[in-house]
Amino acid sequence: MMLKKEQTTNNLKLPISLNASGWLESSPDWSNISGLVAGVDEVGRGALFGPVVAASVILPASAFPHLMTAEIKDSKKLSHSRRVQLAQQISTLAIDWRIGYATTAEIDRINILQATLLAMKRSVKKLKLQPILCLIDGNQPVQDLLMLQQTIVKGDERSLNIAAASIMAKVWRDDLIQRLATKYPMYDLKSNKGYGSKKHLLALAQHGASPLHRQSFRPCQISPD
């Protein structure tokens with residue numbers, strides 16, 4: 001994994017060769033990176049209800065062997081109980097981790113892509129220890145972060161730091177939606193977590209959207225019967 005630095009005036013990027021198989025953190029060349037590395041991922045981008053949430057996680061090298069055996073790839077495929085268990089482990093192992101989010105009002109105002117990047121930026125800026133490099137899930141760099149960045153498509157399958165961030169963001173958002181579900185029981189949020197399930201869409205057609213639905217998303221623009 002050869003590291004080559006490309007620098008511009010306001011945006012620093014550090015491309016990493018992604019040709020190696022397995023976790024990036026297990027590559028012998030990972031030691032070429034001197035300093036803290038944060039993984040950044042988001043959840044809730046496709047939901048109809050609630051905020052888009054991002055997490056930034058900085059893991060020590062000592063955590064890598066443990067997490068490599070923990071099957072943390074693709075948090076969406078894990079059971080809720082397993083995600084919660086892993087989140088507790090990551091919280092204990094991590095040097096630092098933080099949550100950032102963008103509200104439904106912000107999503108409607110600036111669009112979901114920009115809101116997602118805003119949530120990511122907020123999670124990074126909340127870190128008490130600033131990393132020298134952020135591994136960003138996806139193909140969009142985060143603007144106005146004066147640190148090195150590397151975007152990685154399907155990053156939660158390539159980087160332990162990103163996979164850990166995915167789990168922390170998912171558990172945090174699911175917990176929030178569970179609490180909000182008691183206020184809006186008609187939308188079946190406990191089951192769908194704010195996503196467009198059949199019951200959720202039927203409830204939107206019957207009751208209309210709540211103040212926490214994304215009004216810029218077409219399914220939320222249905223007038224109630």
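Quick reminder: no glycine exception, Cβ is built from N, Cα and C everywhere.
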Co-listed divalent metal cation-binding residue [Swiss-Prot; alongside Asp41, Glu42] among Asp108, Asp137, Asp144, Asp174: Asp137
Sequence-distant neighbours of Glu42 (divalent metal cation binding site) in its chain (C-beta under 8 A, six or more apart): Val52, Val53, Ala54, Ala55, Thr116, Ala119, Met120, Asp137, Ala169
Count of other CB atoms lying within 10 Å of the CB belonging to Asp41 (divalent metal cation binding site): 30
Cβ-Cβ neighbours of Asp137 (divalent metal cation binding site) (radius 10 Å): 26
